[in-house]
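Pulled from TrEMBL:
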type: TRANSMEM; residues: B:7-27; note: transmembrane segment
type: TRANSMEM; residues: B:57-80; note: transmembrane segment
type: TRANSMEM; residues: B:86-105; note: transmembrane segment
type: TRANSMEM; residues: B:126-153; note: transmembrane segment
type: TRANSMEM; residues: B:184-206; note: transmembrane segment
type: TRANSMEM; residues: B:218-246; note: transmembrane segment
type: TRANSMEM; residues: B:258-277; note: transmembrane segment
Amino acid sequence: MNIIEAKNLTKHFDGVLAIDRLSFSVANGTITGIIGPNGSGKTTLTNILSGMIPKDNGMIIIDGVALERLKSYDARRYGIARTFQNVRVFEQMSVLDNLLVVVTERNVWGALFERHGEYHRARVLEVLERIGLRDKQTALARTLSYGQRKLLEIGRALLTDARVYLFDEPFAGLFPEMAKLIVTIIHELKADGKTVILIEHNMELIRELCDTVIVMDSGRLLAEGAPKNVLKKREVLEAYLGE
Amino acid sequence: MDYIIHLLIFISIYAILAMSLNLLVGYTGLLSVTHAAFYGVGAYTTALLMKFAGFNFFIALAIGVVIALIASFLIGLVISKLSGDYYALGSLGFNIIVFTIFLNWQTLTRGPLGIPGIPRPELFGFTFSGNIAYLALSFAFAVLVYLACRFIIGSSFGRALKAIREDEEALKCFGYHTSVYKLVIFAIAAGFASVAGALYASYITFVDPTTFYLPESVLLLSMIILGGLSNLQGSVIGAAVLILLPEALRFVGFPDTIAAQLRLFVYGLLIVLLMLYRPQGIRGEYKL
Amino acid sequence: MSILPQLIINSIIAGATYTLITLGFNLAYGTTKFLNAVHGSLAAVAGYIVFFLGRSFGLSIVPSAALGIFGASVLGVVIWRLVFRPLRHRGASPAVLFLSSLGVFTMIQAVLAILFTSQFQQLGNVGSPRYEFFGAVITKPQVIIILAGIFIFATLFILLNKTMFGKAVKAIADDEEVARIIGIQTDSVTTLVFAISSGIAGLAGILIGIDIGIQPTMGLWVFLEGAISAIVGGIGNIYGGVLGSFLLGFAENFGIWKISGAWKPAIAFGILIVFLTLRPKGIVRN
């Protein structure tokens, strides 16, 4: 079954086509890689799928429900979580607060009368353990290293209990041991039956992790299929070499 | 001695204004340039109800808070969709509109003449006419507001406010309706400012529009930036310093009109210098 | 006699005045991307320079206006160098820059009030010639405002479209980083932009002073009318600003047709709020 389907998705920026009649589908419980040269529309696609920017045209179908308009604060209801290419943690807040804010009450009045209970704290500590930041919990997010901040973002996403995880270049600029940690987390998500959509430049990682790969060029779908088939295709190689 | 008590009363009133503004600017990162308007709403409501309708101070204060909540809710509906400098400009616009109403709705507010002869508060037959009694009253309110602010900041709501300040768009992705949060904190801050207004009106026993205009909002901003954003004690310190500083100017012996302008000059200068050299103020945990 | 011709004339005069303010405001906004309240202060400063030179040295209006424009321009550049440029280098947000400009604005207003009192002052000769047509009256200073608006608009149009400087300004407005990489001296271009925009603000202040008068608090109105016209027209867009100015001029003057002129600020902000909520990018979208 497909958890996400996009049909004829289109997006303009100031007259420039960023996404051009893009159609693809993502099967539930799989890891899908999105690759393509810089400026091919990968991040725009992530932003549309997470509701951060509206699409111009086309259809997004999430778990069989066609969405006319997806707002970013609704994305969570549909089970979508994301990270950002240019890390966006809450800089002047502690690591603990960065994670707590994801799990605590979101209704305004409920939140006003909620102190962070043991229940929330236990869940957060569990995730802190998974991302290896347990001894950093009182540190301000801005004091963390680049890699640690990326892990913190992944931690935030994990805490949403989403069904679909959009990871925008999670491995870029990371040391091997941190990359390994993220690979483990992605495997664990798949084992849990979750869906992961991964934007990545590293072909080794794409081959190793992904069930399916979607190749984009100039906002269009260039190829779609299993990595071992797709990555051999001539036009895919050309799109990269021609960069 | 009476002079010192007078200053302490003023510090209490401005501490309420500064702490509540800090909820917006320091904790939520919303540069509101309209706080003086709600201060004025509280002052005018109390003045009118006490003087012309014979209301008890505490009831007038409560009604003032309700009116400030309603006004801020309506204003907030508009500006909560904005952020950054647009939020600041939009809020500044409302300060001017509210001032224009104070000045021009003459049948109600007597316009530039102001409203003199506002009575002092009364509770169970006791009148807060002496300054020591009034200090006790305003200090008690300041403590209440401080505790309320603590409560808000310590809640999950308070944590979400900080996240809005850090990255509103990112927080939305976690399912937060951030504009509702911005609206609610705007209304809460306005309610507190209105309490300060009631205390001011009944203490000075006179209100006029100029007290609640833009320079006052600028003064409040320099107080919280000086004390340190995102820090409640800082706001109290900032309020105390900026209440006492002009008194020093007065002792130097400038004529009143010049001293008033000199004060404004110092507030402006403080904002510029702090932004340039110490954006975290005296005790701030957050830089704008 | 119908009041309509006079209302239209008044609206056009207001529109031309706001155009003058907004042209400079948008020019600076395009490169620096923040709402600068000091723009209004500089109009007041220029007005007071003219006032001072006339009162103390008996200097006639043309040379003192030239000095007033020059003074505003220099002060604008000094403030840019001392306050805004260092803040921008540190990556300050538009809100911080706006707040700082409000600080400088407050300082300038206080200094003007200390030096010249808060009194309302008239610049130039009050009994200036008046012209009449279709039952509407227009004074000579008001004609000059309209001509100045056209002149400055034309000059900026040529400057931005036909010169290297204009290309550089547009490149910086698009992306300062890229502009620097392709070899544009962004720092000197921005300084020059500030000098020009501040000078135009000065000219606007002097013309307002001759038409209506000056007061230390006038800076606030100059800034707000400029900012509102700019936002309504599409911020940073020189041509949109002209549309915004005339829209504001007409709305204000027709708005106070039935109610007291004291509510003009409320009308101006009403328009701003309508635009901020319904069409935040203004009439002309970039």
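Just so it is clear, glycine is given a Cβ too, placed from its N, Cα and C backbone atoms.
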Next on the checklist: Between the transmembrane segment (B:86-105) and the transmembrane segment (B:126-153), are there three or more CB pairs that fall under 8 A, provided the residues in each pair are separated by 6 or more in sequence?
Outcome noted: no
Item to check | Cβ-Cβ under 8 Å with the transmembrane segment (B:184-206): same-chain residues at least 6 beyond its ends | outcome: 9, 12-14, 16-17, 19-21, 23-24, 27-28, 30, 32, 35-36, 38-47, 50, 57, 60-61, 64-65, 67-69, 71-73, 75-76, 79-80, 114-121, 128, 134, 137-138, 141, 145, 148-149, 152, 157, 161, 212
Checklist entry - Can you name the far-off residues of the same chain, 6+ from the ends of the transmembrane segment (B:86-105), with a Cβ under 8 Å from a Cβ of it? => result 30-34, 36-37, 40-41, 44, 71, 75, 78-79, 111-112, 209, 212-214, 217
Checklist entry - Same chain, outside the transmembrane segment (B:7-27) by at least 6, Cβ under 8 Å from its Cβ: which residues? => result 35, 39, 131, 134-135, 138-139, 141-142, 145-146, 149, 152-153, 158, 161-162, 165, 185-186, 188-193, 195-196, 199-200, 203, 220-221, 223-225, 227-232, 234-236, 238-240, 242-244, 247, 284, 286, 288
